[in-house]
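Novice: Supplied in structure tokens, the structure appears directly below.
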Amino acid sequence: MLNAFSGGDVRAAEAPLIDAGQGDTLMQRAAHGLFGVVLGLLRDAGRGTYGATAVVLAGSGNNGADALYAGERLLRRGVGATAVLTSERVHADALDAFVRAGGTTVRLDGADVSDLAAHAAAADVVIDGILGTGASGGLRGTAADLVRAIDAAAGPRAARSALVVACDLPSGIGVDTGLVQGPVLAADATVTFGAAKPGLLIGDGAVAAGQLHVVDIGLDLAPFPPAARTLLDADAAALLRVPGARDHKYSRGVLGVAAGSIRYPGAAALAVGAALATGVGMVRYLGPPAVAALIHQRNPEAVASTGPVAEARSQAWLVGPGAVDDDDQRTRARDAITSGLPVVVDAGALTEVPERVGPQVILTPHAGELREVLAARGVEAERSAIEAEPAHFALRAAEATGATVLLKGFTTIVAAPSGALFVQADATPWLATAGSGDTLSGIVGALAATLAEDDGAAERIGVDPVDLWAAVAAAGALIHGRAGRRAARRGPVVVSDLPGDIGAVVADLLEERRLAM
Ligand SMILES: NC(=O)C1=CN([C@@H]2O[C@H](COP(=O)(O)OP(=O)(O)OC[C@H]3O[C@@H](n4cnc5c(N)ncnc54)[C@H](O)[C@@H]3O)[C@@H](O)[C@H]2O)[C@@H](O)CC1
Ligand SMILES: [K+]
């Protein structure tokens, strides 16, 4: 599990060490970690250090100092380094060390911004040390102008020649939210100190951060609750339930599916296919015979009927995908949601959620659907606002409904009504295609069915039992994302082919788990 801590908590964890006179030690550890990552990236890019050039953007605070000390280390390895001082104030000792090692400095105030930008764009590496955890709001003033100019001179990240490495975080992102309010220099890599910060995992902040490296500088974060968590492969693997010798189809977990309609039969077929590939004892399908016939073309093992939820004994339910203009499906959705069993609620069924439910009800909206869920509870928010601050609004929806909320997007956000937050960035943009969400709901539904009666699941991955369903949803997002990336190796993702990849990802995860034991 990757734990992210709020900027405030990381600073609080630093405070006793700084009070004990260890501030400089922390800074040197941070600078050394940053230097190490830059070195590795230069090597990977085949550029080495001797004769390479670096531009250090150094702000007024300790973030600028970390960057200058990293610059000092690069200078001692033969890199030619220039520091652009973006503020009147600068950490005196760090600047002194940088200059003594042979670095040149330029004050941004009064300099020609486009000249500086051209110089930065032509360098081998740019270190962004303008703002760190002490930032309030986006970049302002001349520092904002400089970043905009470097961005324009260097071009989009994929086409740039200069590597950009962010010190602690890309300057200008919301440390705790990932909100990007002004110009931000998108980084190839971010080297963050002490612990990941939520803004590096969420939404636009995660996009700007690039590859994330966490450098241990010796902070004790145990007293603080993580502000966000990301499941790693090992966590998803630990959740998977492997059938034992005494298992049979009913004990492995039965997933009831009330999805699809005459208008949208395909959604049900995709969800069922994904659920079977994730691994369940049985899928019981409830819905129109014509939809069942489509499901049976690909998955004859699905057991279909047209009855009510009460007559289809299951361990968990999946309701909503493609269920449009169908009163029977609406009734089934309501019955499943109020059954007390874990239930994944997608698309058409989101409007059937009563005022208050429990965390075993997992809503899987995209931003537009979340807007509706919130509006129905008196919280007005534009879709664009939800996309800019997805974690904030997912948490609000979880709080307002009592449900677990999985918000789909570039990063998948899972908010538990307890306030726990999971963020998964496993997916590929190739998964942004029709039907993708149906397969995600099928995977989460299958995991829920197999774990519904597994009392040890929360403990296996070290989460509070009240947050189990959020972790299950996050694991579903991880499997879905990895399956999508696997499929994308063959070309654009065809969602109906995804079950093969889902099964392969489950097999890989279990193999990694076996090797780790
Ligand atoms: N204290 C320490 O010894 C350690 C500090 N660390 C580094 O220190 C950083 C935090 O340092 P600081 O607390 O000095 O904060 P920053 O380095 O983030 O700088 C904050 C300063 O920038 C200015 N500022 C804030 N928002 C601005 C905006 N939107 N536009 C322009 N200027 C703005 C303010 O003057 C503020 O004092 C961390 O991110 C990390 O890089 C780490 O190295 C760990 C150890
Ligand atoms: K920074």
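Start at 1 and count along the chain as shown; that gives each residue its number.
Glycine is treated like the rest: Cβ placed from N, Cα and C.
Relevant sequence annotations retrieved from TrEMBL are reproduced here:
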BINDING   62-66, 132-138, ASP168, ALA267, GLY322, HIS366, ASP438  (6S)-NADPHX binding site
BINDING   ASN63, ASP128, SER171  K(+) binding site
BINDING   LYS408, GLY409, PHE410, THR411, THR412, GLY437  AMP binding site
DOMAIN    10-225  domain 'YjeF N-terminal'
DOMAIN    232-509  domain 'YjeF C-terminal'
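Any idea what these are sitting next to in the structure?
Specialist: Its Cβ placed at the centre, HIS366 ((6S)-NADPHX binding site) has 16 other Cβ atoms within 10 Å.
In the three-state DSSP classification, SER171 (K(+) binding site) falls within coil. Every protein chain considered, the tally of other Cβ atoms within 10 Å of the Cβ of SER171 (K(+) binding site) stands at 29.
THR412 (AMP binding site): 25 other CB atoms within 10 A of its CB, across all protein chains.
When averaged over the domain 'YjeF C-terminal' (232-509), pLDDT in the model lands at 97.
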Novice: For the binding-site residues GLY409, GLY437, which Cβ has the most other Cβ atoms within 10 Å, all shown protein chains included?
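Specialist: Highest number of other Cβ atoms within 10 Å: GLY437.
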Novice: Looking at the binding-site residues ASP128, GLY409, PHE410, THR411, THR412, whose Cα is closest in space to that of SER136 ((6S)-NADPHX binding site)?
Specialist: ASP128
Novice: Residues near the AMP site, LYS408, GLY409, PHE410, THR411, THR412, GLY437 excluded, by Cβ within 8 Å of the Cβ center?
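Specialist: Near the AMP site, the remaining chain residues are HIS366, PRO390, LEU407, ILE413, ALA427, ALA477.
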Novice: Which residues, same chain and not among ASN63, ASP128, SER171, have a CB within 8 angstroms of the centroid of the CB atoms at the recorded K(+) site?
Specialist: LEU57, GLY59, GLY64, ALA67, GLY129, ILE130, LEU131, GLY132, ALA166, CYS167, ASP168, LEU169, PRO170, GLY172
Novice: Quick test of your reading of the structure: among the binding-site residues ASN63, ALA65, THR133, whose CB sits under 6 A from ligand 1?
Specialist: ASN63, THR133
Novice: Would you mind listing, in sequence order, the residues at least six apart from ASP168 ((6S)-NADPHX binding site) in the same chain with a Cβ closer than 8 Å to its Cβ?
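Specialist: For ASP168 ((6S)-NADPHX binding site), the qualifying residues are ALA30, ASN63, ASP66, GLY132, THR133, THR190, VAL191, THR192, PHE193, LYS197.
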